[in-house]
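Peer 1: Before I ask anything, here is the structure I am working with.
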């Protein structure tokens with residue numbers, strides 16, 4: 001088979017997919033019908049004396065499906081009792097619908113209907129008394145139905161009356177039947193399911209296409225999981241940095257004290273004279289520190305205009321007066337602070353003795 005264009009190839013691929021889907025659906029429906037038929041035969045030929053997982057016997061197996069059929073029938077009757085019909089009938093109904101190319105509309109909801117219908121049907125059957133020839137120690141609803149009925153009895157602390165059991169059985173039975181029917185009756189044609197457009201997921205943006213947040217608060221709208229992960233990462237990072245800083249303070253200071261060379265005091269080569277500290281005269285100190293052969297004090301420091309550019313009103317101000325240049329070999333005397341003279345103390349006076357009476 002040859003294709004003239006790419007569209008012809010896709011059309012042929014679609015037809016093959018539709019053919020495979022239709023036949024696969026019919027095959028699945030046929031298998032479900034066979035499974036329901038096998039369960040029906042196993043339950044119809046059930047005998048309480050057949051050997052199974054919960055009952056050991058030396059007699060022959062009388063179930064038509066032999067050992068597997070006997071095991072399935074025994075477990076089904078013990079757990080669900082006669083409510084096992086609520087499991088078999090929907091399986092057969094789904095098989096027939098699939099064989100006719102009809103699929104369930106809402107699988108999850110219909111599955112919930114199915115389980116709820118089985119539970120209610122088992123409860124309804126457990127409300128009625130067992131006949132005289134019933135071979136099992138549980139009721140007609142199996143162990144599941146008896147367990148559900150014991151819940152209200154345990155809450156009330158007394159056994160339910162026969163009238164209450166009958167009322168509960170009728171209500172549960174009337175509700176369970178519509179649920180079981182709805183579990184397989186709501187279907188749609190397979191062609192509509194195939195032709196229905198699928199929901200396409202939004203394409204993931206590449207890292208280069210991700211736009212930056214428009215403001216500083218756009219990044220605060222992260223979800224809870226991302227926020228928790230970021231909080232945990234921040235906590236671990238903070239703990240690690242704190243631990244590292246503690247180790248550096250603990251061992252780094254000892255290493256620096258042990259390996260630091262000792263610095264010996266060295267006399268100044270200029271041999272400057274000793275001076276008393278003063279509160280003013282910084283310009284005089286700077287001029288006195290300068291050696292006679294060295295550069296002028298004003299050459300070591302850039303002019304003030306480089307640090308403070310002139311403004312419009314600086315032209316009206318007179319330039320500041322500069323100190324006279326120092327004379328080589330002359331020591332500048334800085335003004336000293338003297339305390340005021342103390343006032344003279346008064347002369348002591350001569351006292352007199354006063355006689356006591």
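Heads up, the Cβ atoms here are built off N, Cα and C, so glycines get one too.
What you see is a predicted model, and the numbers here were worked out from it, not measured in a lab.
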Peer 1: Looking at 10-26, 95-111, 112-128, which stretch does TrEMBL describe as transmembrane segment?
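Peer 2: From TrEMBL, the annotated transmembrane segment range turns out to be 112-128.
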Peer 1: Pick from 142-163, 164-185: which stretch is listed in TrEMBL under transmembrane segment?
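Peer 2: Of 142-163, 164-185, TrEMBL gives transmembrane segment for 164-185.
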